Amino acid sequence: MKNIQTLFQTLNITPQNLTLYKQALTHSSYSNEQNPPQEDNERLEFLGDAIVGLLMADYLYSQSKEDEGIMTKKRAQAVCERSLTIYAHNIELQNYLLLGKGEKNKDFNAKSIIADTFEALFGAIYLDLGYLTAKKVFHNIVLPHLAKTIYIIDFKTQLQEIVQSEKKTIQYKIVQEQGPAHSKNFVAEVYLEKNLLGTGEGSTKKAAEQKAAQQALSKVAKPKDLLNNKGGKEKELQ
């Protein structure tokens, strides 16, 4: 196990309650081998899971105007076990873990253990230094790696980039809105001049527009075929 002070330097924090961090790094397999047993990181993991999810939601909400569905998918990808393991390895968190002999003999770098410890660490930071410090640490060690963990396809942006490359414009139109206020369904159409390129449905206007753009892109073998009227049909845009 590396000196925990090195971890604090990496995180750029000055802890007030060292016990919290030692607990965050203590796996239950190690705790159970001690006499008397030490407190493990499972409770901090429970708290940290909520903190990490909140920090990612906070970031996504503040940085974009995307609809709830897209942000939910992005958050799920950014804080899944695979993603948390990537962030943890970048600060070499696996080198600070206290594991029991049995776990060491199995797989010291088990993703689930490392991801859980990452969450426990943020639980400790939050309890010790507060939300704003946890947010600062999160931004420093997570945001640089989001490109590796978030892979939502933004079909509207793809379509817009294709059209803008030829100095043309597209328009979206909501043509149908059904259902009660708490369970709406929208139908959107996307046009290039008078050509209808695609139609899509969704629970929000933006989601329907995404589906319309996706359909437009799926109709052609090559993206630029859209500009040559190979993917659309003429329809008067009202």
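Note: Cβ is positioned from N, Cα and C throughout, glycine not excepted.
Taken from Swiss-Prot, the feature domain 'RNase III' applies to 4-130, supported by sequence analysis. When pLDDT values are averaged over the domain 'RNase III' (4-130), the model yields 90.
Taking a C-beta cut-off of under 8 angstroms and a sequence separation of 6 or more, ASP116 (Mg(2+) binding site) has the following same-chain neighbours: ASN41, GLU42, GLU45. What Swiss-Prot records for GLU45, ASP116, GLU119 is Mg(2+) binding site, and it gives sequence analysis as the kind of evidence.
Positions annotated as domain 'DRBM' by Swiss-Prot, on the basis of sequence analysis: 154-222.
If you look up Swiss-Prot, you'll see 215-238 marked as region 'Disordered'.
Helix, strand and coil residue tallies for the domain 'RNase III' (4-130), in that order: 92 helix, 2 strand, 33 coil [DSSP]. Cβ proximity to the Mg(2+) site centre (mean Cβ of GLU45, ASP116, GLU119, cutoff 8 Å) flags the following additional same-chain residues: ASN41, GLU42, LEU44, PHE46, GLY48, ASP49, ALA115, THR117, PHE118, ALA120, GLY123.
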